[in-house]
């Protein structure tokens, strides 16, 4: 049902309710169907009174009744007196419905089987009990009368008969089946129930019971507040959908193809008719009951086949598609027909490269254009008087008359077309171009737009769409043309950057000088200006003639020939800024550079190219940039061709020292093997060390190889190096495999095979090496196929959760923001501050540190690149910026909190669909990530350096570091969160430095995070020089270290229970290993000051898997390793960690092996064991507050007794549970954690996504709160409501002087967040369709069509982008309705 808006015939809202029998019979239906027949198989005419009856549904032929008495349009509206058919259009058969009157009421399966069961909740009965009643197994008491039976009590046959004998037939009422349920529902008093439930809620203390009650209360409340009556969930008649929606199509050979629904309806009618017949006769009860049950099952199958019992099978043993299946899933009504419509005026063809095109053009095959623009051509042909009827125009077009081509040329001018390549992962997958007519049948596209479409020319196809209306053409022209889309919306980086051949040509042109005349005792040439250089180049005839001592082409001797100028010769050139040294090649390049950029005098790999394009856009504007890009394309292809670059097998050099290095490595591996056999190290360590040795060899050989191929000999360069260095093709790892060695490979399981492939591709692989190689290659391909689907699904969920987020106002006026700082890993800066703050709005005035007169940015400024750089250079560590996470706009977000539009570096416009842009920006690289695994062929990389080396002169200072000095004179770190700092030598004392560091008054030159067990080689306060080794750490084990000297005693190390002796097979050496156990033991090593073991110094709990390194009774010195826990063997770093990790974060799932985190600030203490778990206590010294943590033995503690921890710090290894961060540290910390964790995964892959996109998704995950105390509001305990709705409700109550409700924020995963949207249409089209619709119908929900999806489904213009203003009017109407106190609410 919908309310229409008179002026444009569009409705504003849609309400869904339960249909009562009255509505079905009197409002929807045109008549009752009594026969199961469909059509007469001889005449092919519909049977009367059957499922296709013309009397009920309307005529099968336009303006013709069934018997043929009336046959023309003039009889319109007459009902034939012979056959009873109304004379009208046959299309009414698509809209007229009928009904089937049932002999007994049946239960609608959705309301009974969709959990939580609505009927069960209203009646307060369990599903199992209901099922027994509905399917005629037991009686239920409806009215106990004077007996001592209870209402709703179940009775089986025997009990029912006994009760009748005991109290008499008419003393009580008990029934079974749908009828019984209907009577119960009708006699249910919902108002009293509500009062009772609220009363119970107030009295109960138990959480579980309260949740249960609140759930039930919500369902009953929804019935009370809507006009739905509970008994409508039981049907006494079934609606029949129009026949043309379930057609019966004759196939050749006299057979018919039919929709499954017809079979399901026939079953219902057959059973219903049989039941009616049986009821007329006096039939035994058992048979009647069975027949009634069969009717109930037939109706169930019609509505939702397979929900109850076995699904009904059709021909070929396939389950029939019921009404529910028609809606569900990818092939269902929502996703197939409403969201994924087909487009008219479209074509598709293979694409080929069109290097001659301009940036805004595409080549369109003539024949295709003729077909696509046909209506336009027809109109133009008529206007110009070539033809008079449409038919003759079409004929003219079919015979390809010459006039037609002229007309087509004319029409196409200024009429853009859209090109699209599937999969469309982000908005750059559809762009508009000016068509250029070409011969042939392939579409031509400009080489620079390929990267946006992710297209290549190995047979890709693209689709062409023609925008028809003037508005559509305008949008295409103004917003979608390729030149307007040269930056990625995800990061603001240019996407139209020359690649492959173009990069190669440009790099070749811009090479550093290869030929220096001074080396040949000649003078460097000097030129007046660029013109002169170009003239000299033209005159020199030859292009790159390098052969020493050879004859010139036309036989003159060499000295004469050298008057010619070489493209890579060093020359001097006069420019505006004085005389510079450059090469003729660079002069040629600078002829196309916009003058605003100045003279470019450096070599130009692909990375620099992107920066140059960006710079050009900022200094010279869009038009100049597009021109520049076109010129880059032309000159790049030209130079690549002229350079005649080729590559031969001999260009792949093999380092001469390869054999020696390999020999050394084999020896080192043998030493490790020997250590293992002697029992000094474990199997895991041996494996890890072997892998490390080979990784190192691989690196050393690569270095050698790159030295070798990057040499310039006789002013020529290695083409292989040229390709790699320019970024045109190939990367270091691939070239390493060609010339050095293939290196370590991974098994399909992800483990690294420890014997590497020592051959390279130039030498060729042996058979065994080939087999190992194929492992990696196959895994790559299999992964790709699987993960592409995963990634697509992630994008779909992201779009669904963020689709409603649009820019709805300019400034929400909030004072809140988030603090951002540069992202560092150890000492290197991964992402500088300027990149994180550029284009964002600052919350407060920012002054130069130490100079409060110099204002760097005013509060409310959107930072430009220059401002961002100035702030970064000034040494400010972190600044506060506005963010969508703190935006206070009621619906959508505001422009100030969002910042700039990355796609064009301008401020974001109203109505921009930033949510969808965010979802695409995160999802699109997801597919890239998944597709990127196999290029390395499963090559293993294990990165972590085992030593810390100083880079600067300075003084070594420890901070937050507990150390102990060992006998060898080193210091060992005892905790995990300490740092080593190297600070500038300013002649202060050590304590002063420490104080300055702790207050962040000085910045260390370098800061290293220190792992537990790191061996520090220098005392603090030592002066260090660059290259000094400061510390080293064991990368294969996590050590457990003794911090005070004493005698060792084992506690609870019981062999066979908590430990096992593992005899090393090679050596016979026994090792004591702590194993996982269930019991009251807590294995630890105790240290006593005396041999009698009375004076306890300290205890060290041992986690499962630890290998004990000390004997009982021996004297352990400080710093001695008591036990070691092998780090799990290194796995390859594949994105496999990536995509599932991103999904895990966005779905807010609990990670496997999660970490325990501290709930308060304080000092750590251990308190023994309880139920096989260690008790760790954190005690706040100031307040005396304590928090207990129970930690299982299998987890490794990363804190020691006496460590000071802060709230939210990890106590054990593993990943943190996001919900815990929310509970312990609050919303801000959680937001920061989620954004940083997601960014980390993408950064590892080198994918650049702006923070704001991830922030939008996180905002959507945190938009609900859970009510913990309803106060005087109408909210329920444990109910999850929108933050905004909660605030409105509280305002209302506090104005009336009542008690406000209390709530805590909840974190929802993206799937759950999408399903909990206010719009039931949007939720139903996403997932769980039946559940969403059932819930909405019970509550009589209204959808105000405010989001995108709902409007697409309804066929309205979407309320974003250019459709935004149009919906402003609707918003006014909604706001006025709200003021009148009508109840409804919006998605956030």
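For all residues, glycine too, the Cβ spot is worked out from N, Cα and C.
Marked as Zn(2+) 1 binding site by Swiss-Prot on the basis of sequence analysis: 65, 67, 80, 83. Secondary structure from DSSP puts residue 67 (Zn(2+) 1 binding site) in coil. Around the Cβ of residue 67 (Zn(2+) 1 binding site), the same chain contributes 80, 82, 83, 85, each under 8 angstroms and 6 or more positions distant in sequence.
Reduced to three states, the DSSP call for residue 460 (Mg(2+) binding site) is coil. A simple way to gauge crowding: the CB of residue 460 (Mg(2+) binding site) has 17 other CB atoms within 10 angstroms, across all the protein chains here. What Swiss-Prot records for 456, 458, 460 is Mg(2+) binding site.
Annotation source Swiss-Prot lists Zn(2+) 2 binding site at 812, 887, 894, 897, citing sequence analysis. Look at residue 897 (Zn(2+) 2 binding site): DSSP puts it in a helix.
Neighbour counts were taken at the CB atom with a 10 A radius for the binding-site residues 456, 458; the maximum falls on 456. Shown in sequence order, 807, 808, 809, 810, 811, 812, 887 are the residues of the chain, 6+ apart in sequence, with a C-beta less than 8 angstroms from the C-beta of residue 894 (Zn(2+) 2 binding site). Here the C-alpha separation of residue 458 (Mg(2+) binding site) and residue 65 (Zn(2+) 1 binding site) works out to 58 Å. Cα-Cα distance from residue 65 (Zn(2+) 1 binding site) to residue 456 (Mg(2+) binding site): 59 Å (rounded to the nearest whole number).
Long-range Cβ neighbours of residue 897 (Zn(2+) 2 binding site) (same chain, at least 6 residues apart, Cβ-Cβ under 8 Å): 812, 814, 841, 882, 883, 884, 886, 887, 889. Taking the centroid of the Cβ atoms of 812, 887, 894, 897 as the Zn(2+) 2 site, the other same-chain residues with Cβ within 8 Å of it are 809, 811, 814, 882, 884, 886, 888, 889, 893, 895, 896, 898. The Zn(2+) 1 site is defined by 65, 67, 80, 83, and by the 8 Å test on Cβ atoms against their centroid, the other residues of the chain that qualify are 54, 66, 68, 69, 70, 81, 82, 84, 85. Neighbour density for residue 83 (Zn(2+) 1 binding site): within 10 A of its CB lie 16 other CB atoms from the protein chains shown. Ranking the binding-site residues 80, 887 by the number of CB atoms within 10 A of their own CB puts 887 at the top. Other than the site residues 456, 458, 460, same-chain residues with C-beta atoms no more than 8 angstroms from the centre of those residues' C-beta atoms, the Mg(2+) site, are 351, 455, 457, 459. In this structure, 812 is the one among the binding-site residues 65, 812 with the smallest number of other Cβ atoms inside 10 Å of its Cβ.
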